[in-house]
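Undergrad: From TrEMBL, here are the annotated features:
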DOMAIN    40-345  domain 'Phosphofructokinase'
BINDING   136  Mg(2+) binding site
SITE      137  site 'Important for substrate specificity'
BINDING   164, 165, 166, 209, 210, 211, 265, 321, 322, 323, 324  substrate binding site
ACT_SITE  166  active site, proton acceptor
REGION    413-438  region 'Disordered'
């Protein structure tokens, strides 16, 4: 059986921790489930993302065409659909062209996770394969479902397909929909650039997705070449004083008569909290509700320019829901297909796992590996340095900020690797209780 090694660093020292191995995804010589006995269900949870319908389509068609599975059902409106609505029968004919549409034909919602109710319904309806499409919160829920299924001794495989438009799920190379989001973000940046360059001292401000991680903002900035400043959650910035954002804006407008700023939605939340004290609120998924950094920054820039008696025009563009709602592009369609097929092969073999690409190879990953931490932009890494050279913006970082980032990265790389579960994997290699790690 082929295995892949997940390497955090290319250079390995004598005292480096032992690598973590994941099972290579793909078809198995023997399957655990007989096709005629399979009763599968598919659920989508959390926010919308390009590619959801493509994954749904390929799961239904893949089960039917590769394994002759005919009993496939859709769970409507997220986790709560397990116990609050009827299951929707799905066939290759019924999902034939859904990949051309944005959103999800099954509907989605945040929250609604009740492990015991969900597993009760899985058990009562005789479901033995559960495909769960969603972000880190959804995958945590999938892990809880898997543990409850194992506790009851049910022969049910749980396959998680990670979905996050922010690309912040750990371990995997990228999540589906990310390429489409970066591509669509270009349209908003292009519009901001046209508006800014058509006015005297024009500023175009674009807010993109990125609650905790600024990958969309970073890659959209690098792809655009029209962006003069990119602000992300991982890199602190300040407004006033030498080297601050206001000073850079003044200099850029003087040099070029216009500028474009891209800001991730999670950037500058500490600065906003200082000027607008509000009580922390959470959404249905348990995420902290963010204040609108784009609107806040627009007002701050206006006030600063007014105090300096500078004539200035600023246009604020928030394309968030336009980006989330579009169908996936060609590269994401291919990626969604590979993820769906890998999930089907693993579930038919009796594994429970999250599927994803690791170092360019599709693998079956234990649920806890992708939910224990987040993937974030490393501001001490080369990609962020490339962005700074592209925009020519200041880093806004003090020596203390840089040292703190390096120390956090050092500690993360020196964390002890959890003990291998090879014995557990050998014991359950042909069982629905296995969880993808070796």
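Glycine too: its Cβ is placed from the backbone N, Cα and C atoms.
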Undergrad: Where residue 324 (substrate binding site) and residue 136 (Mg(2+) binding site) are concerned, what is their Cα separation in Å, rounded?
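TA: Their Cα atoms are separated by 17 Å.
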Undergrad: Specify the count of other C-beta atoms within 10 Å of the C-beta of residue 322 (substrate binding site).
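TA: Step by step: centre on the Cβ of residue 322 (substrate binding site), count other Cβ atoms within 10 Å, giving 14.
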Undergrad: If you count, for each of the binding-site residues 136, 166, the other Cβ atoms lying within 10 Å of its Cβ, which residue has the minimum?
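TA: Across 136, 166, these binding-site residues, the one with fewest Cβ atoms within 10 Å is 136.
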Undergrad: Counting only other Cβ atoms and using a 10 Å cut-off, which of the binding-site residues 210, 324 scores lowest?
TA: 324
Undergrad: Give me the non-local Cβ neighbours of residue 265 (substrate binding site): same chain, 6+ apart in sequence, Cβ-Cβ under 8 Å, ordered along the sequence.
TA: 207, 208, 209, 210, 211, 290, 293, 294, 320
